[in-house]
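Asker: Have a look at this one.
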Amino acid sequence: MKTLLLTLVVVTIVCLDLGYTRKCNKLVPLFYKTCPAGKNLCYKMFMVSNLTVPVKRGCIDVCPKSSLLVKYVCCNTDRCN
């Protein structure tokens, strides 16, 4: 009976698929946030004039194209930005 109960609990957890969400760094990389559903990429935004210091980090659904003034770097693993 205990085995059956344990099996049911495991199957329930697997079927519910508690969901995996991406974790992305905030502007200060010591801190991160859990991304909302659908935002599966992390990004860093730089000013082209200074590519060493990011001005924004976070979660995003689609990586924006870089422009003459702003460069975006996107990745798809936890805290990769």
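Using N, Cα and C of the backbone, Cβ positions are placed for all residues, glycine too.
Take a look at what Swiss-Prot says about it:
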DISULFID  C24-C42  disulfide bond
DISULFID  C35-C59  disulfide bond
DISULFID  C63-C74  disulfide bond
DISULFID  C75-C80  disulfide bond
SIGNAL    1-21  signal peptide
Asker: What is the separation, in Å, between the Cα atoms of C42 (disulfide bond) and C59 (disulfide bond)?
Answerer: 5
Asker: Highest Cβ count within 10 Å among the disulfide-bonded residues C24, C35, C63, C75, C80: which residue is it?
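Answerer: Counting every other Cβ within 10 Å of each candidate, the maximum falls on C24.
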Asker: Taking each of C24, C35, C74 in turn, which of these disulfide-bonded residues have a Cα lying within 10 angstroms of the Cα of C80 (disulfide bond)?
Answerer: C24, C74
Asker: Here the disulfide-bonded residues are C42, C59, C74; which one has the lowest number of other Cβ atoms no more than 10 Å from its Cβ?
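Answerer: Taking C42, C59, C74 as the disulfide-bonded residues, the minimal 10 Å Cβ count falls on C74.
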Asker: List, in sequence order, those disulfide-bonded residues among C24, C63, C74, C75 whose Cα sits within 10 Å of the Cα of C35 (disulfide bond).
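Answerer: If one measures from the Cα of C35 (disulfide bond), the disulfide-bonded residues that come within 10 Å are C24.
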Asker: Rounded to the nearest Å, what's the C-alpha distance separating C59 (disulfide bond) and C74 (disulfide bond)? Just drop the number here, would you?
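Answerer: Per the Cα atoms, C59 (disulfide bond) and C74 (disulfide bond) stand 9 Å apart.
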Asker: Between C74 (disulfide bond) and C24 (disulfide bond), how many Å separate their Cα atoms?
Answerer: 11
